[in-house]
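Feature annotations, reproduced from TrEMBL:
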DOMAIN    93-196  domain 'Plastocyanin-like'
DOMAIN    220-334  domain 'Plastocyanin-like'
REGION    427-464  region 'Disordered'
COMPBIAS  428-437  compositional bias 'Basic and acidic residues'
Amino acid sequence: MSVSRRNFLSAAGGITLVSASAVSGRTAFASVPEAPTMKSPQMQPPLVPKTGPDYNPVVTLNGWTLPWRMNGDWKEFHLVAEPVVREFAPGMVGHLWGYNGQSPGPTIEAVEGDKVRLFVTNKLPEHTTIHWHGQLLPSGMDGVGGLTQPHIPVGKTFVYEFQLQKSGTFMYHPHADEMVQMAMGMMGFFVVHPKDPAFRRVDRDFVFLMASYDIEPGTYVPRVAEMTDFNMWTWNTRVFPGIDHIVAGKGDKVRIRFGNLTMTNHLIHMHGYDFKVSCTDGGWVPEEAAWPEVTIDCAVGQMRAFDFVADKPGDWAIHCHKSHHTMNAMGHDLNTFIGVDKRKVAKKIKRLVPDYMPMGTAGMADMGEMEMPLPDNTLPMMTGWGQFGSIEMGGMFSVVKVREGLAANDYKDPGWFKHPEGTVACEWKGEPKKTERAPSPTPARRTAEFNVVKPGRKSPHDNH
Ligand SMILES: [Cu+2]
C-alpha cells in the first residue's frame, strides 16, 4: 500500500507547491502524492512496511496510519487540513477540523534515519501550519507560523523536509491560531521506529492522543474559547463506550503510548498490572531506569509510553483517574441531591410531567442504568454495559482485554472475559464457597420505576 502508482496525483490538479524554505532535491519531483482519506472511525489494520527496515507498526485506537510513497530516498506523506465530521461514540458526532477526513489526523510512521517529505494542503477557512512536536529538525521546518515560516494560506500546499534523527514518540499539530485549531481537533500521532528492529521491540503497540472539547448537548461545533470547563474528554476524539478496546494475547509484550493536547493533566491508570514507563517525547527511558507505575501523569503537551507483559488474562480497565474525565457531556452542571428525599415533590411534578425522573438521591449510579431520553447529538453522563451490568463510565475509559491464544495480528474485540469459576466477587451467603459459580450475567438491579428508553444500550462491544 505504501508505494503505488495510484498514489500519484498530478500537480496540474490544482495544487500549488510553495516551499517553506529552500531544500535540496526540490526540483526532483513535480507532483505531490495523493492524500488518502478515511471516512470511518473504526480501527484500521496496522500498516506493515513493505520496503525499508522491518518494524512492528503501531495500532491507532479508532484510527489509521497514513500511507506513504517512496520518491528516491525520500518517504513522502500528504496531509490535508480540512473540516471533518468525527463520531465521538455511536449517537454523537462533532463538526471539527482535522486531517485527511478524521480528527485526530492519521498516524505518521517512519524509521530513524528516514528522510521524510511531508506535504500539507490547507483546505481550512483560515491559514495554518504544522509543528512536528519533539522532532529534532532545522529551525525552518519547525512549523511555527510567523516565526519559522509564513503561514500556509487557504488553498495552498507547503512542504516540510527533514531527516528523522531519533526513534520515539512524537505528535503533530498546528502552530497557527492554536487555541482555535487544537480546540477544533487538529492533531496527530508521529511514531519513529528504531533502525534496529530488535531495539525495545514489542508485540503490540497502541497509540492515542488526548483532546478535550466543549460541545453543548444538541450542538455540533466545539466552543473554541473554552479554557477549563470542557465536557468531552477524549482519546483520539472518542469517548467511552466508543473507544476501541486494547486487545492483547497472553504473554505479548505490549506498549501503550499517548500524548496530551488538552488544557489539564491526565493520570492514566491501568488495572491488573504494574508497568514500566519506557519512553517520553524526549526519548527512550534507558531500560535500567524505566520506573514502575500503575498510574502515570501526562501533563499538557507531554507524551508518555509504558510497557508491560500481558501475562494475566482478563478485562482490565484503563482510564484517566480524574473521575470527571470518565464522564460525558450530560454529567456536567448537575446539582447534588444525595440524601434529599424527592418523593413527595416528584409525585406532584409527575402529575404535570409524566416522564419526570427524580435522580441522584442515593448517589448517581441510577443515571448510568436509566439511560433517560437525551437531546439530539449528545451522550449520557455515564453509560456502557458490561457482562455484569452498567459500567457507569464515559470519556477517557477503555478496557485492556488479555486473552489466551490470540493470533499475532488479531486486534478484533474478543468479547467479555470468561472468568474461571469461583473468581468473581459475589454476594456473601454465609460461608466461603471456593467453587461458587460466577453470578448470572443479567444486570442485578433494575429498579427503574420510570419510563426508560435505552438509546445507548447497544455498545460497540456488545455483539459477542
Ligand atoms: Cu483526565
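Cβ atoms here come from the backbone N, Cα and C positions, even for glycine.
Break the domain 'Plastocyanin-like' (93-196) down by DSSP state and the numbers are 9 helix, 47 strand, 48 coil. As a summary of secondary structure, the domain 'Plastocyanin-like' (220-334) carries 10 helix, 51 strand, 54 coil according to DSSP.
Predicted-model confidence for the domain 'Plastocyanin-like' (93-196) is 97, expressed as mean pLDDT.
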